[in-house]
Structure formats: C-alpha cells, structure tokens
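According to TrEMBL, the features are:
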- Asp87: active site, proton donor (ACT_SITE)
- His88, His185, His217: Zn(2+) 1 binding site (BINDING)
- Asp109, Glu139: Zn(2+) 2 binding site (BINDING)
Amino acid sequence: MMASSSLEDNTTLRILRAADKGNYGVLAAVGYNLEQILGFVRAAERKRSPLIIQLFPWAIAHSDGVLVHAAAQAARQASVPVAVHLDHCQDEAMVRRACELPFDSVMVDMSHHSKEDNLRKTRELVAYCHERGKAAEAEPGRIEGGEDGVSDTLDLEGLMTTMEEARGFVDAGVDLLAPAFGNVHGEYGPRGIVLDFERLKQVHEITSASNVLIALHGVTGFSEELLRQLIEAGVRKINVNKDILMGYYAVLEQRINKAPFTQVVDEAIEQVAEALARQMDAVGSSGKAY
Ligand SMILES: [Zn+2]
C-alpha cells in the first residue's frame, strides 16, 4: 500500500529513511517535561544529529496538549532535523486527538487487544493518521513489560511477533513496525537480555521489501555493541527512556533546595543533553544531520 502524498515530507520518515540509507540508528527519546525536551534538542544540535522527541499520551492529557506544542516548537527552532512522535497510543479516541496536534508520527498501539482486533484496529487507525499527514507505527505481537506513562499492559504476557503478523501489518499500511523478539520494556529480569536475532532478521526481510522501518522498544541496559548489532540487523528508530533520564533525576534529588532552582534546572538539562549525546555517538547518528 502506498503512503499518501502528504507523507512525502513527513519529518519522522525523512529522518528514518536517511538513517536507512546510511545504516545508522536514530534515537527516539521519551520526555516527560519541557526541560527534558530542551536537553534532547541541545544534544542533537551539539552532535549535529537527527532526533525524534517522544511523548506518551499522558503528556497530552496532563498538559491539555500544551507540551506537544512546546515540543513541536522546539523541533521547528532546532538547527537539525527533529520530529515529534506519540509513543504507545493505546486508546482509539486519543489517536484521533493526536492527529489534531503537531505530531509528525503516532504509534497506534492496539497490542493489548487480541491478534485479530490488533490488526483490524491498526488498519483503520493507520488510514486515519495517513489522511492527516501523520506517519504511523504499530506493534504486531506484544512487547513485554511496562514503562512510566504506558498503562494497563503490565499484567499481559508478551507475544513474539510472527511473520504472518509482520506481513499483515505491512499490508495494513504501517510506516514503522515495532517487533517483539525478546525485547522487554523496563528492566530485564534475572534471565538477562535474550533476543531472537533470527526473528528480527526475518521481520526485516519483510519490512525492507515494502520500505517499512523497524522501531526498537526496550533497550534499557543495552551495551553499545548490542545496539550496533541491532542497527546492523535493520533497526532504525531506537526508543530510549530510563537510561537517558537517570542523570536528570539524580540532579534534582541531589541539588534541589541546595542551589537556586534556576541553576538546578540548568544543570539537569545539561545532564540530559550529555546522556543523549553519548547515545547518539553509540547509534551512529552524530554528524548525520542533513
Ligand atoms: Zn515501547
């Protein structure tokens, strides 16, 4: 299925297609407030790297959309390509609301439904997004675990993505596919990180034939070497959350009420920028701003 012409200039897709040509990854950094977003953009400009800012539906709800506008403005003002993406949108009404906000792309996450409903709802909502110029990501199977801001999936079992599901989602018109191949949201348990690279390779064969890009969820604690192997296997959008925000929270914890608040905020933003900049080097996006 061809994407509508309004997606030609879609910032998320332009950033990720350039990464696909250049064989590197692009970070999709989850931010919960303005300071974190400012830190992300500072890192991107410092490293001359493309960037995707990610928000959860929580950020829309609690700020009544204001944080989305702030992120979009920060993206527009940046001297490097920056897109704004909505991660894990699990509610159909929220997908429609997101389409009225300045997102470049939306993850239509219906993975908490049965396989059949996941595919059917995804197909409908992807079409809805495309009609409004938004690129769409979806999750065939189910990635295990939860992260701060994603609700009601913690008690559901993970389901590895099958090739049949991957084909179905590509046919449904998704631009970005988030496969489940052993990756886990949040902390990896005592078993450690066990990824099914063979499954990822097969998914990539299906997606690359249709110009669909692979998004990777659940990279907490991954080494640079593992990230390199995943990028080599075709992963392009790499979601990061906890690893890049721990320093921010540590600054607040250690410095609040011990220094002027303005200074604490500045130090916290710089922590975020430094953490993200290191990851940009790791995924190879540094210096790749077009
Ligand atoms: Zn995720």
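Cβ coordinates come from backbone N, Cα and C, glycine included.
Note: TrEMBL annotation is automatic and uncurated.
Here the features listed in TrEMBL are painted onto the structure.
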{"residue": "Asp87", "record": "active site, proton donor", "DSSP (3 states)": "strand"}
{"residue": "Asp109", "record": "Zn(2+) 2 binding site", "DSSP (3 states)": "coil"}
{"residue": "Glu139", "record": "Zn(2+) 2 binding site", "DSSP (3 states)": "coil"}
{"residue": "His185", "record": "Zn(2+) 1 binding site", "DSSP (3 states)": "coil"}
{"residue": "His217", "record": "Zn(2+) 1 binding site", "DSSP (3 states)": "coil"}
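Sequence-ordered, the extra residues of this chain that approach the Zn(2+) 1 site, with Cβ no more than 8 Å from the Cβ center of His88, His185, His217, are Asp87, Asp109, Glu139, Ile143, Gly145, Gly146, Glu147, Val150, Ala178, Gly218, Asn239. Within 10 Å (C-alpha to C-alpha) of Asp109 (Zn(2+) 2 binding site) lie the following recorded positions from Asp87, His88, His185, His217: Asp87, His88. Checked against ligand 1, the binding-site residues Asp109, Glu139, His217 give His217 as the ones with a Cβ under 6 Å from it, listed in sequence order.
Between the alpha carbons (Cα) of Asp87 (active site, proton donor) and Glu139 (Zn(2+) 2 binding site) lies a span of roughly 11 Å. You'll find the Cα of His88 (Zn(2+) 1 binding site) roughly 9 Å from the Cα of Glu139 (Zn(2+) 2 binding site). A simple Cβ count within 10 Å picks out one of the recorded positions Asp87, Glu139 as the most packed, and that one is Glu139. Distance noted between the C-alpha atoms of Glu139 (Zn(2+) 2 binding site) and His185 (Zn(2+) 1 binding site) is 13 Å. Residues near His217 (Zn(2+) 1 binding site) in space but far in sequence (CB under 8 A, at least 6 apart, same chain), listed by position: Glu139, Ile143, Ala178, Asn183, His185, Asn239.
Over all protein chains present, the Cβ of His185 (Zn(2+) 1 binding site) has 23 other Cβ atoms lying within 10 Å.
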